[in-house]
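Annotated pyridoxal 5'-phosphate binding site per TrEMBL: 98, 99, 131, 216, 217, 218, 219, 274, in sequence order. Residues annotated as N(2)-acetyl-L-ornithine binding site in TrEMBL: 134, 273. Here TrEMBL flags 245 as N6-(pyridoxal phosphate)lysine.
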Ligand SMILES: *Cc1c(COP(=O)(O)O)cnc(C)c1O
């Protein structure tokens, strides 16, 4: 064969090879420094090579790497208890990824109704524009044709309604409905926040019909929006919540959190994982919480988010041909652009600033939560230079 490239061609990768990270910076093989406001897609919540995380991982690496869930894993009890104490939840199941956390959430909801004698209640209402992962069930939950095409029949039991349309949700509820699943702010879908009122109405509908409210906080969670979890802004709590990304700070770690009642069907033998909750992951997850739960950390996130918000408002005023809208919460920031988002992504990359594209022609800025005001301003000036060049190109065309 002519082309011996060993990897699946599923990713169109940028021609950049990073070999080292320091805080908000990534360094290439050639020694070039990039300001990383992509953060591994909201994963490197404390930046790169955070000393506390490095020490926790190294320390655990000297002790024991893996035990399996056949035995108690002390780090799981610690991290589980801390998550329970910091949230609505009573119970936690650890996974390795966001999609697996969602799988656990979906199974928990279905099993709840099954255990109450309602095996037929397994339908889950989800939302147009959603993203819940790439397993067969989670692509059905997300409902996006581009991810479903060619993979056989769509896994049954998922029904999409328009995001934000409470009447459509009410209409979609039937005898077989088990749960409603939503991201408080759609991430991949283009940083589209659900309104406070909408989340409150979903909570009320779930209570009215005996449904479980499942939140996907894989991207919005663990401080990203300036609260520990995004649903806190709406003053509601879910019955079940999937988290991942930020909780591992770069180590593969996710979790499904639930109330005792919602988790009541998940008895011995109903679910499992080989790696989930492994000691290395627990050491890092606990270290992430040491930092994120420390006094003043979320205040820092909100303060530096304000620097971004003000800077981006000015950018929108100065470059109306490039910037259409700024959205998001905290350090989950979307720039809806008037040029093709790939052009904006390339233009900022040319200024050595990393960002991520999202649906709806939106550029995502997901800086590490540890970003300083000075680093935020540096990022903003790189964005400004990119916008200047794109404006000149638009004017020349
Ligand atoms: C990234 C993401 C997922 C999937 O997480 P993986 O770790 O890639 O499986 C699910 N939901 C949301 C909202 C995400 O942002």
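Just so you know, glycine gets a Cβ as well, placed from its N, Cα and C.
Unlike curated entries, TrEMBL annotations are predicted automatically.
Shown on the structure are the features that TrEMBL records.
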| residue | record | contacts (Cβ under 8 Å, 6+ apart) |
| --- | --- | --- |
| 99 | pyridoxal 5'-phosphate binding site | 132, 133, 134, 135, 138 |
| 131 | pyridoxal 5'-phosphate binding site | 142, 144, 183, 186, 187, 188, 189 |
| 216 | pyridoxal 5'-phosphate binding site | 98, 102, 105, 130, 132, 181, 182, 183, 241, 242 |
| 217 | pyridoxal 5'-phosphate binding site | 183, 184, 229, 230, 231, 241, 242, 243 |
| 218 | pyridoxal 5'-phosphate binding site | 98, 101, 102, 132, 133, 183, 187, 242, 243, 244, 245, 254 |
| 219 | pyridoxal 5'-phosphate binding site | 41, 42, 98, 183, 185, 187, 188, 245, 332 |
| 273 | N(2)-acetyl-L-ornithine binding site | 69, 93, 94, 95, 96, 100 |
| 274 | pyridoxal 5'-phosphate binding site | 68, 69 |
Result for ligand 1 contact check over binding-site residues 216, 219, 274 with Cβ cutoff under 6 A is 216, 219
DSSP on residue 218 (pyridoxal 5'-phosphate binding site), three-state: which is it?
coil
May I ask you to report the DSSP-based helix, strand or coil state of residue 273 (N(2)-acetyl-L-ornithine binding site)?
coil
Which one of these recorded positions has the most other Cβ atoms within 10 Å of its own Cβ: 134, 245?
245
